[in-house]
Amino acid sequence: MTYVVNDECVKCKYTDCVDVCPVDCFYEGEFMLVINPDECIDCGVCVPDCPIDAIKPESPELIEWVERAKDFIENKGWKNITKKKPALPDADKFKDEKNKFNKYINNMN
């Protein structure tokens, strides 16, 4: 089992979660973070640190996010992030928007 970063992170990319992860399993793309499911130890320590509630435990309805994370890391070259950095400049503007992945990322692939 792993934790996943979902649609809420898109266009926000708050990185509070990165600082608390004991195994450095977060990876970043231009508009969001993902958790490497092969590195996550399922501790959940990152969950309360996400200010927009974008981190959830793996479940059948979130399996697509596990697959996306693997694809972004293995095929798109997303790099490991181990230190907190500022959120995206318009994060507050996008934090309440829904279905951001299909609108901003899926169309780029």
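Yeah, the Cβs are placed from backbone N, Cα and C, and that goes for glycine too.
Sequence annotations record features per position, and here Swiss-Prot assigns domain '4Fe-4S ferredoxin-type 1' to 2-30 based on sequence analysis. Within the chain carrying the domain '4Fe-4S ferredoxin-type 1' (2-30), a Cβ under 8 angstroms from the stretch's Cβ atoms is held by residues 36-37, 39-47, 49-58, 62, 65-66, 69, 72-73, 76, 78-88, 90-91, 94-95, 97-101, 104-105, all 6 or more beyond its ends.
For Cys17 ([3Fe-4S] cluster binding site), the count of additional Cβ atoms within 10 Å of its Cβ stands at 25 [all protein chains shown]. Annotation source Swiss-Prot lists [3Fe-4S] cluster binding site at Cys9, Cys17, Cys50.
The [4Fe-4S] cluster binding site feature in Swiss-Prot is assigned to Cys21, Cys40, Cys43, Cys46. In the three-state DSSP scheme, Cys21 ([4Fe-4S] cluster binding site) is classed as coil.
Taken from Swiss-Prot, the feature domain '4Fe-4S ferredoxin-type 2' applies to 31-60. Outside the domain '4Fe-4S ferredoxin-type 2' (31-60) by six or more residues, the chain places 1-25, 66, 68-70, 72-73, 78, 80-81, 88, 95, 101, 104-105 with a CB less than 8 A from a CB of the stretch.
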For Cys50 ([3Fe-4S] cluster binding site) and Cys43 ([4Fe-4S] cluster binding site), determine the Cα separation and express it in whole Å.
14
Just checking the binding-site residues Cys40, Cys43, Cys46: which sit within 10 A of Cys17 ([3Fe-4S] cluster binding site), CA to CA?
Cys46
Helix, strand and coil totals (DSSP H, G, I; E, B; other) for the domain '4Fe-4S ferredoxin-type 1' (2-30):
8 helix, 6 strand, 15 coil
Counts by DSSP class (helix H/G/I, strand E/B, coil) across the domain '4Fe-4S ferredoxin-type 2' (31-60):
4 helix, 6 strand, 20 coil
